[in-house]
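*Asks:* Dropping a structure here in structure tokens format, bear with me for questions.
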């Protein structure tokens, strides 16, 4: 393959070939980075224009199994349904490129990104966007800006730009941002929870007295404070702008001549506009008071029909655009000029919140979280390691297990639409992934699997953030330990020139007519996840900083309400499985297990629990169907550990010891020696005379003198002394 351009970037290089392959496409770019090879193509349907007010853009990111020397698993040996990673990558590319298209562009456009070869250390999401942007830039569409992506990691406090996958795996931060040479367009960020060693923790006397990190370690979310995040974004933004300027300079000689594509006319009918403003301004304002999307749409539709009756010659589609424009003008003007929103709230005001936990008696845990006209029923189910979701990405060496899942469902009835419930849509997958990224850093699920399902019962904006809040409450309603209290809030913005207003807890109307969709999740002290999409072409870091701090205030308000609701949680003890973790001094492990596992079996049977002990650091995991059983088992184990250890006796052949008859069997009796070790007194060694029945001579609980006759491994043979 002949490469036209080689670009050296921070921690990586990229080679591009244009015009060698996929020549029938409107634009194509062949990208090689390391051993990764990606082809991105852009194709436009020049014969059709979609008249509706949206951009008919479709992005498909497709991974080929042969790229990693693999054959697809399962019954069918070919690539079929897109994986979650492929779908999420398609969404990232779509959201980054969509703002570039000219206003009024209505031609159906397909961007296809195919991975033909893969390097195990390559960041495929970054390369996918870079390849797609290159294909779009050199195409014959009137787009003159390059978009690219940068990922940022943090290891031991040090920032790494464009990390390898190995570095990203060790990082406490995963920040992905895209933009042009002038503006940020999209941000995705998450913190990654981990173990923090605190040498100031007091050591439990029952634990190993040595300062083992496993014993004094605590789980932390690594949430990122707002000031630190702004500093990181500033560094990444600088490199992003430089990189895009370089791309544009190097790609421009390969750009095709712009095709004279027809765009939708976006100039409004002045006659209609004047008439609607003069005669129906108050009707539109009244419709805006209908907060539900279905009610608002019905009111505007009825207004349209009312006008058409008297203005039969008018085109209804044009009238719809005019009414929509006046509505948008009203919403934005009221916010910018009066600093009041359509529902009467102040710019930073949060809608009323109500929280009910464990509303489903047979579920392990649940929460009904309502904020304004947005309502999420979040249900939690606990399982073991075998319940984890198995998956294998193209860059993985083998099968991976996902033990924390968040599934988001958005049925049509939640917005008053008569539509059947079908398969999972891209938006549902994306919202579930955002909620997962928000909550995953605060839980440590060793040996457990947790599935959260969010059923959106009503939606008027911010349903993904309701999922985060409801998801946290469901975790607490299941008595799962968390390192932070996490809430989510959706921020918005309306701007006109230098004038702007930042909105907290946006509803659907403000999302639709605003310039920014910015979702932020975290604790009172920092951010665990965020997702930002710009609709106006870019955002400055100063405005972003203001939005982050306003979001922090909103989160604190929501967290206060959630913490009050936590006090009233009543657990579903009848169905809720329980797990407890604690540490013991590893030297006591033998006492807990007992000879041939006798002691631990007795604990398991008595308290109906499962017990797992790490022999290296003494970590004990107790799992059972009831919390009371788990607690009783823990207390029993701690009782064994707290009992002073008897000095270990070195038994020698010929030694005489006192022992207790523990159990009588047909072939003899088991005798408990002074340090708790059992030895076998065979029937032939009980007397010089023939013994027909052991119980004729010995009684259980009787104390006798015995002689050590023989050692065989851990087995001790005894005789009557």
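Placed from the backbone N, Cα and C atoms, the Cβ positions cover glycine too.
The annotation Mg(2+) binding site is assigned in Swiss-Prot to 511, 517. Positions annotated as domain 'KH' by Swiss-Prot: 577-637. Positions annotated as domain 'S1 motif' by Swiss-Prot: 654-721.
For each feature listed, report its degree of burial, its nearest neighbours and the pertinent distances within the displayed model.
*Replies:* Cβ-based neighbour count (10 Å, all protein chains) for residue 517 (Mg(2+) binding site) stands at 21.
For the domain 'KH' (577-637), the number of residues in each DSSP class (helix H, G, I; strand E, B; coil) is 32 helix, 17 strand, 12 coil.
This prediction places the mean pLDDT of the domain 'S1 motif' (654-721) at 87.
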*Asks:* Let me know how many other Cβ atoms fall within 10 Å of the Cβ of residue 511 (Mg(2+) binding site).
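*Replies:* There are 17 of them.
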*Asks:* With DSSP helix as H/G/I and strand as E/B, how many residues of the domain 'S1 motif' (654-721) fall in helix, strand and coil?
*Replies:* 6 helix, 36 strand, 26 coil
*Asks:* Using DSSP and three states only, what is residue 517 (Mg(2+) binding site)?
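*Replies:* Where residue 517 (Mg(2+) binding site) sits, the three-state DSSP reduction gives strand.
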